[in-house]
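J.: Sending over a structure as structure tokens; questions will come in a sec.
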Amino acid sequence: MTPQQSAQRLFQEKFNCTPTLNVYAPGRVNIIGEHTDYNDGFVMPCAINYGTAISGRKRDDSRFKVYAGDLQQWDEFDLAQEITPDSSKKWTGYVRGVVKFVQTHCPDFKCGADLVISGNVPLSAGLSSSASLEVAVGKFCQQLGNLPLTNTEIALIGQKAENQFVGCQCGNMDQLISALGQKDHLLMIDCRSLETIPTPIPANVAVMIVNSHVKHDLVAGEYNTRRQQCEVAAKFFGVKALRDVSLAQFKQREAELTALDPEVAKRARHVVTENQRVLDAVKALQSGNLALLGELMAQSHESMRDDFEITVPQIDYLVELAQIAIGKTGGARMTGGGFGGCIVAVAPVEKVEAVRQIIADNYAQQTGLKEDFYVCTASQGVSVC
């Protein structure tokens, strides 16, 4: 059963009536460009065929009554009163936060709703289950109140909710790709100007995701620490964000920054080189050069492992296994915020079984964890269904 079918069925079951509004927002996988979004840099994700559906209908009052189908939990809050976090149920922060900032953006939005949420994005896997939920809630509110919000604005409201209400200082990539994704395309996003360049995925190329089942929780601190270190580096270079530092400028002052703070220097090196890799990856894809894309993905993973220090041994092992099977016909790297989660692999379709097999034969035996393997389709962004 799809999330859309599940949400509609559950709504009928919980509220004894038919939903009048159904929305769906996808999760995402990032092919290259990690921890660059909050540095005003470049990223290249695609929306995937896993996401979050919301079914609901307008109420006569200002209350929101929400049922999370996958967690079998309820939440209730009132738009006529101040919306505050409920620390006992983490998921409610994403819903309440978005509704709160929709209200900030559109003060006349006061209509309540009954709604059911259902999703199939693996949780804490680095595939943006939270952004998918935020964008779905934003789109639901926009449709419910007939609000003058673009999909880009909905994405930025989702980011604001995660930053200021949930407490994770994420960038804007996850919400933007969930809102703006294009079927069969990767989307290069300039996270400062919000300009996007759609790049078609060649028909014979597969995007694979492997979930390590090492759980990460970005609110726990490491993510926010990395962001602070990047801000320190930007200040050192006298710029607004590390996006404004070229590779040549970085190399010119690298020794000086390393002497001051070797850890901050490593973080900056990752961001500066990763931005360039994204730009190079767009050209590689446009020319169908999968070997070059694979090299760039390998460099990205090494940089995340050695300079940004956000990988874990299980993730490094998955990347190593996938790369053995893929050879020079594509690439693999960790994807997402880090400290667990998933790897992404891009390779010709005929390599999929070899990648699946080498991981099935070795990963659990070596780590004691069982992976999940997905072949993904690049999908359309948020929609009313």
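Any Cβ shown, glycine's included, is placed from N, Cα and C.
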J.: Looking at Swiss-Prot, which one out of TYR50, TYR67, TYR94, TYR223 binds substrate in the same site as GLU34, HIS35, THR36, ASP37?
T.: TYR223
J.: Tell me which of the binding-site residues THR36, SER124, SER128, SER129, SER130 sits in the most Cβ-dense spot, judged by other Cβ atoms within 10 Å.
T.: SER128
J.: Any idea what the Cα distance is from GLU34 (substrate binding site) over to SER128 (ATP binding site), rounded to a whole Å?
T.: 13
J.: Within 10 Å of its Cβ, which one of these binding-site residues (ALA125, LEU127) has the largest number of other Cβ atoms?
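T.: The residue with the densest Cβ neighbourhood is LEU127.
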J.: I'm trying to understand the geometry here, so how far is the Cα atom of SER128 (ATP binding site) from the Cα atom of GLU162 (Mg(2+) binding site), in Å to the nearest whole number?
T.: 12
J.: An 8 Å radius from the center of the GLU34, HIS35, THR36, ASP37, TYR223 Cβ atoms defines the neighbourhood of the substrate site; name the other residues of that chain inside it, in order.
T.: GLY33, TYR38, ASN39, VAL43, GLY171, MET173, ARG226, VAL271, GLY337
J.: Run through ARG28, ASP37, ASP174 for me and report the recorded positions whose CA is within 10 Å of the CA of SER129 (ATP binding site), in sequence order.
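T.: Near SER129 (ATP binding site), where near means Cα within 10 Å, the recorded positions are ARG28, ASP174.
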